[in-house]
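Below is one structure, written out as structure tokens; comments come after it.
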Amino acid sequence: MLPISSTDRVFILCGAGVSAESGIPTFRGVGGVWRNYRIEEVASPYAWQRDPRLVWEFYSMRRKVASAAKANPAHFVLAKLEQTLGERLFLCTQNVDNLHEKAGSCRVIHMHGELFKSRCDTCHRPPFDDSHLYEPPAEIPRCPCGGQIRPHICWFGEVPFGLNQIYAALDECTIFMAIGTSGVVEPAASFVAHVRGRARTIYVGPEHPANASSFTECHLGNAGQVLPRLFGP
Ligand code: APR
């Protein structure tokens, strides 16, 4: 078990590995999403300009996979941790699925956006819930302003969501844990370097991430098995 004192503040950074045991493919490695799709063709502002139908087809496919997926023990342990620690837990995920919410987590920062939300690519209308499958759309859905409705996703080349809140939480944390993330995509890959020397830094996943040298501890194994051991079932 991981000792957490009443003054500790815990920052958790999740990556695709947290949802792997729910059947949602990771991005890199064997069976990874980027083995079958090119990032610049489906997940960039350039892709959206060039072929928005292909972009919607890609995100509709991912909506379909995610809506059939169930939360796994890793999500449930983190939801329970929120109940125990309350505000002293900051849960930041790079995942765009809603499995943390399905497990009962209420305060999740989705720094790369949310698969089941869309927004206008032109006006500042807030993002809205949308689980529609456009596969492939005959017409790209339109906003009343005339703009096109796009997935509420942080694409490559765009600025992640919630960075002010994230860096404030990093500055305050005493325990930093990254789970199931390969440590190659910025800025998330550098969060551990931001807190290093000040906070206990722990990695959980089946293999060492690219930024392993920045962690003081690596617990090798699947999140669904390691997290119940660290935090209790
Ligand atoms: N439990 C924990 N970790 C796992 C598991 C598991 N069951 N299965 C795989 N992993 C680990 C892999 O070892 C790998 O290190 O999950 C990591 C997944 O890495 P990536 O596919 O690179 O995913 P991630 O780091 O979340 O990617 C970051 O890149 O493409 C973008 O926007 C996308 O949010 C994503 C970002």
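For all residues, glycine too, the Cβ spot is worked out from N, Cα and C.
Listed in TrEMBL for this protein:
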type: ACT_SITE; residues: H112; note: active site, proton acceptor
type: BINDING; residues: 15-34, 94-97, 180-182, A223; note: NAD(+) binding site
type: BINDING; residues: Y59, R62; note: substrate binding site
type: BINDING; residues: C120, C123, C143, C145; note: Zn(2+) binding site
type: DOMAIN; residues: 1-233; note: domain 'Deacetylase sirtuin-type'
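Feature map: TrEMBL annotations on the structure.
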residue: G23; record: NAD(+) binding site; Cβ neighbours (10 Å): 12
residue: F27; record: NAD(+) binding site; Cβ neighbours (10 Å): 18
residue: Y59; record: substrate binding site; Cβ neighbours (10 Å): 21
residue: R62; record: substrate binding site; Cβ neighbours (10 Å): 19
residue: Q94; record: NAD(+) binding site; Cβ neighbours (10 Å): 23
residue: H112; record: active site, proton acceptor; Cβ neighbours (10 Å): 20
residue: C120; record: Zn(2+) binding site; Cβ neighbours (10 Å): 20
residue: C123; record: Zn(2+) binding site; Cβ neighbours (10 Å): 11
residue: C145; record: Zn(2+) binding site; Cβ neighbours (10 Å): 10
residue: G180; record: NAD(+) binding site; Cβ neighbours (10 Å): 28
* **G31 (NAD(+) binding site) CB neighbourhood, other CB atoms within 10 A** => 10
* **Residue from Y59, R62, H112, C123, C143 whose C-alpha is spatially nearest that of Q94 (NAD(+) binding site), among the recorded positions** => H112
* To do: Could you round the CA separation between S19 (NAD(+) binding site) and C145 (Zn(2+) binding site) to a whole angstrom and send it over?
  => 36
* **Neighbour tally for G15 (NAD(+) binding site), based on other Cβ positions within 10 Å of its Cβ** => 27
* To do: Tell me whether Q94 (NAD(+) binding site) sits in a helix, a strand or coil according to DSSP.
  => coil
* Asked: Of S19, G23, G31, R62, which binding-site residues come close to ligand 1, meaning Cβ under 6 Å from one of its atoms?
  -> none
* Nearest to G15 (NAD(+) binding site) in three-dimensional space, by Cα, is which of the binding-site residues R62, C123, C145? -> R62
* Using the Cβ centroid of C120, C123, C143, C145 as the reference point for the Zn(2+) site, which residues of the same chain not in that list have Cβ within 8 Å? -> D121, T122, H124, R125, P144, G146, G147
* Tell me the Cβ neighbour count for C143 (Zn(2+) binding site), meaning other Cβ atoms within 10 Å of its Cβ, over all protein chains shown. => 16
